[in-house]
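Record features (TrEMBL):
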DOMAIN    1-373  domain 'Major facilitator superfamily (MFS) profile'
TRANSMEM  24-41  transmembrane segment
TRANSMEM  61-84  transmembrane segment
TRANSMEM  90-109  transmembrane segment
TRANSMEM  121-137  transmembrane segment
TRANSMEM  143-162  transmembrane segment
TRANSMEM  190-212  transmembrane segment
TRANSMEM  224-245  transmembrane segment
TRANSMEM  257-277  transmembrane segment
TRANSMEM  283-303  transmembrane segment
TRANSMEM  324-344  transmembrane segment
TRANSMEM  350-372  transmembrane segment
C-alpha cells in the first residue's frame, strides 16, 4: 500500500487533504485496534494470526486492480482498502515478537531482533521507491498484483515456521484481559519508563518531521531534490544501524544500547538547531541520519527487553501497548507542530523539539534503563 498516495495523486488527482486522509486511514488501525489485536494474539495461535493478517493484506491488494478495471476506484475506496491492509499489518506486528520469543534462545534474541529490524529498514527504504517505479513502468494493476503475489509468498513461508507450544490459559472477559495486560505493562519498573520514553520521543519526532519540509524550503533554501536526499538519510541511518546491531550487541550492554538510541533524538535536533545560524544542508542530513539510526538501537533493545521479562501469555497485549504508544503520539506531534508553528513560527517548533528531547534524556537517566544487563534480567518463561 506504499503506492496508494501516489495513485491517489496521479490517477485520481487527489489534493493534499485527500492524500492525508488516505495516509490517516492506513494509520487508524494502529490507533484504534492495537489493544484488541494484542488480546487476540494472546488468545489464539500467533502463527495463525500472522497468516490471517497477511491474507487480509493480500486480499486488499488484489482488490485494487479489480476495482480499477471496473472503473470504480475513488478516494474512499482507496482509503478503505488501505485501512483493511493496515489491519493485516497490525495483526502481523503484534504477533511476530512473541513468535520469535518462542523460536530462539534468550542469548540470541538481540541478534534475531536486529535481523528483523534490518529487514524492516530495507523495506522502509525500498518499498516506496519500488512502488513508485513499478507504477511508472508497469502500471497500477501490475504493481498491485506483484505486491499481492509477494504477500501470498509470505503466507506460504509462514506455513513452514514452527510455533512453540503454549499452555491453556483460562479464557476471561475481554476487558479483564485488557486490564491485566495494561496493569502489567504500566506497573513494571522497566516497561513503564520505556513506554513513557517512547511517547515522548515520537511526539518530538513528529513535530520535527511535520515542520521540516516548510523549514527546509524557507530557511535552508532547499529544492525538492535536496529535500529528497536529506530525507533519504533517515533510511540510510536505519539500514546502517541495522547492519551494526550484531557488532554492538556483542560489545554493549542492553542499557547502553537503550541509552544510545534514546539520546539520538537530542543529538539530531541539536544538529538541525545549528542551521538557524549556519544553514548548512549537511547538518539537516546528519539530523535525519541520526534520527534513523538511533531508534533502531532502541527498537532492537526494547523488543528484547519485552521478550525477556514479559510472560508469554501477556506478550501480545504488551506489544500492542507499545504500538499504541508509538502510533498514538504521532498525531499528537503533528497537531502540536501545527499549533506552535502557526502561533509562533517554525523556529519555535525547533526549540520545543529540543526541549522535549532534553526532557526525554533527563527521564532516561532518572530510570533504571541505562544500567540494564540482559543477562541479569529475570526470565518469566523459565527458559
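Note: Cβ is positioned from N, Cα and C throughout, glycine not excepted.
Between the transmembrane segment (257-277) and the transmembrane segment (283-303) there are 3 or more Cβ pairs closer than 8 Å, counting only residues 6 or more apart in sequence, so the two stretches are in contact. Per-residue pLDDT, averaged across the domain 'Major facilitator superfamily (MFS) profile' (1-373), gives 87.
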